[in-house]
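Following: one structure in structure tokens, then a few remarks.
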Amino acid sequence: MFEVEMFRRVLGKTFGFVGYTIQYGCIAHCAFEYIGELVVCSGPSMEPTIVNEDIVFSERMSRHLCKIQKGDIVIAKSPFDPNMNICKRVIGLEGDKVCTSSPSDLFKTHTYVPKGHVWLEGDNLRNSTDSRNYGPIPYALIRGRVCLKLWPPHSFGTLSESPTERIIKTQSDSDSD
């Protein structure tokens, strides 16, 4: 009789623990999917704005509400490797005319960003694999908008504008040419 009672107590505690684990797992999933996440950035493509090992907060609400704008820094799934994320700046939205040339190219080429896509580039144009290499990426690959740099402590705060002085032409600008 004592063994049955002890078994029930252990089973009850186990189910209680599993229930709490599932509840907190669901809460964590919803928080990371719909609110935001911490991201450790690596690589030189966003220097000097974001350098290797900087920690940023990427919020997800802008993505879900389709509020991504030109100049925003986003975290997106890599178009080459779905297991890897990329951190780049939005240079063009659908319908925008963007320069597809490298800074060192003598002749400048342009293209239009197709519907449902964005054009992403790193701030370090000379050392960035971005839309100039793989073309526009679907909006659906965007995971979130970087809104805050958390680490290192001396650079805590909102992120600065792009250090490059590139002119972003939209379709309306080019129509007036």
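The backbone N, Cα and C atoms fix where each Cβ goes, glycine too.
Automated prediction, rather than curation, is the source of TrEMBL annotations.
The annotation domain 'Peptidase S26' is assigned in TrEMBL to 23-100 (among others).
Long-range Cβ contacts of S45 (active site) within its own chain (separation 6+, distance under 8 Å): I86, C87, K88, G122, D123, N124, N127, S128, T129, D130. The active site feature in TrEMBL is assigned to S45 (among others).
Residues or ranges marked as active site in TrEMBL: K88 (among others).
Along the domain 'Peptidase S26' (107-151), the predicted structure has mean pLDDT 89. TrEMBL lists 107-151 (among others) with the feature domain 'Peptidase S26'.
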